[in-house]
Amino acid sequence: MQTTVTTMLLASVALAACAGGGSTPLPLPQQQPPQQEPPPPPVPLASRAACEALKDGNGDMVWPNAATVVEVAAWRDAAPATASAAALPEHCEVSGAIAKRTGIDGYPYEIKFRLRMPAEWNGRFFMEGGSGTNGSLSAATGSIGGGQIASALSRNFATIATDGGHDNAVNDNPDALGTVAFGLDPQARLDMGYNSYDQVTQAGKAAVARFYGRAADKSYFIGCSEGGREGMMLSQRFPSHYDGIVAGAPGYQLPKAGISGAWTTQSLAPAAVGLDAQGVPLINKSFSDADLHLLSQAILGTCDALDGLADGIVDNYRACQAAFDPATAANPANGQALQCVGAKTADCLSPVQVTAIKRAMAGPVNSAGTPLYNRWAWDAGMSGLSGTTYNQGWRSWWLGSFNSSANNAQRVSGFSARSWLVDFATPPEPMPMTQVAARMMKFDFDIDPLKIWATSGQFTQSSMDWHGATSTDLAAFRDRGGKMILYHGMSDAAFSALDTADYYERLGAAMPGAAGFARLFLVPGMNHCSGGPGTDRFDMLTPLVAWVERGEAPDQISAWSGTPGYFGVAARTRPLCPYPQIARYKGSGDINTEANFACAAPP
């Protein structure tokens, strides 16, 4: 039974922010489907005074880091549900900063945090992951991802978030590529890589114990993209901090992914039409929306039925990687070759386009042919058409919007490219933002990749050391009962889903029986964290809690399409399956209904 704290007056807040190359399948112990979460244990009565006592100068709160300053400790009223957010309970909000200092670049730095503790607490602690290169403190209502309206706070978890140790509004240097300029300061790099999450977790747990009179029973972390990397990092560096972790689309070796960004830019350049103001090929003009959709349809024509059902989803993504080649594929609309035999038309791709996309998708190599990052998956989510609207999720990273007169793809001139130069290259390479696309075009794949392994002066850790989360030694996390769910969209253009699958296979080889504590769910058609022609909506928190607290491993996770118009239907649900299984049609019933599919080995 929950204990309601009737003396609390609390204020509203809004919600903020194919398999891999290995061959070691992981056995999947069979479990019963997850049940509803058990009622939380009773918590001690708290009060307005207990909340306000967390403010500096009140009470005798001892923080794990003495350099902790509380700036807000206030009651917040319950907030009603809206179209985009679940109702929030009354709660105590505490926000502050840890380790205020001045960096070697002359800019001020601090590790900001925001904590929310509900009046009716379920005894659980929750941290939400960041995004991009962080630098923004979210509302900290505990986003659980998967397109969910519910948040951890709405489910009565105590929730916390951090900005990662720098502030995009403060640490914005236009001469050092803007908001990624924190990379000029060595400590800010370490804070963003791992230190801030350790510091904020400790602070949050201490405040929770003080406020409620006892420690949390279990602790959970959910993040996607950079937040997914943070989750993997926590399981490796700080295995005792969290009992359950969800790591979505993890940029666990993001510095390498940045190298891939330069590779895709240079690979696509020969197909570009026109130049930008700096004389750089307009990568966004290399494929029109219709061209990219034609490629997506050709992938479906080759791969859709490889799972036993032609339904607009490539479930057998492993077989697809071996089967599809744009140079030999057909346009399913007319049965003619996808690659133009003569002049370019609306029904085919030019030989230059085909060569460009094949080179880009194969992944970067140096002059000796050594891979520098992973390959990318051929998947229908590279485009998609809902009504008359083309999916932009994939192209926004590699190409940018077709109608733009400037290069605006994340990997060409956006934060993905900029962060590599200032945050991950050592020493950092500050420059005006107008020069980024040209720098990507001049990237040397023999020399520049060495910079993610380099140290220099006060930069005593390489970016792969402070930011990478590549370890497969999760013994400490496993041995204390930790559980981790990884997920990744097959059409993610930020980080390769095949790279995450390769990590999972390495984990299985290093730790036999890894499926007993870690499982990977690949999502066909989904783009980066969400979107695309796939079932991109799901709740990972409920099955995670069931696994951690009741030992019920997730043998499948229910998912549904956020944009069923991609399939020309009103709704579509499917099971997400633990790698290496895929969703297979049972042979009868509505193909848009999850119950008519089962998780099984690919055909």
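Each residue, glycine too, has its Cβ placed from N, Cα and C.
Between Cys224 and the candidates Cys18, Cys529, Cys577, Swiss-Prot annotates a single disulfide bond, the one to Cys529. Taking CA atoms as the reference points, Cys348 (disulfide bond) and His528 (active site, charge relay system) are 27 Å apart. A separation of roughly 16 Å, to the nearest angstrom, links the Cα atoms of Cys320 (disulfide bond) and Asp492 (active site, charge relay system). Ser225 (active site, acyl-ester intermediate) is 37 Å away from Cys340 (disulfide bond) when you measure Cα to Cα.
Separation of the C-alpha atoms of Cys224 (disulfide bond) and Cys599 (disulfide bond): 24 Å, rounded to the nearest whole number. Sequence-distant neighbours of Ser225 (active site, acyl-ester intermediate): residues of the same chain at least 6 apart with a C-beta under 8 Å from its C-beta are Gly129, Ser131, Gly132, Gly248, Ala249, Pro250, Gly251, Ala494, Phe495, His528, Cys529. Non-local neighbourhood of Asp492 (active site, charge relay system): Ala249, Met526, Asn527, His528, Cys529, each in the same chain, at least six residues away, with C-beta under 8 Å from its C-beta. Per Cα geometry, Cys577 is the residue among the disulfide-bonded residues Cys303, Cys577, Cys599 nearest to Cys92 (disulfide bond). Least packed by the Cβ count within 10 Å, out of the disulfide-bonded residues Cys51, Cys348, is Cys348.
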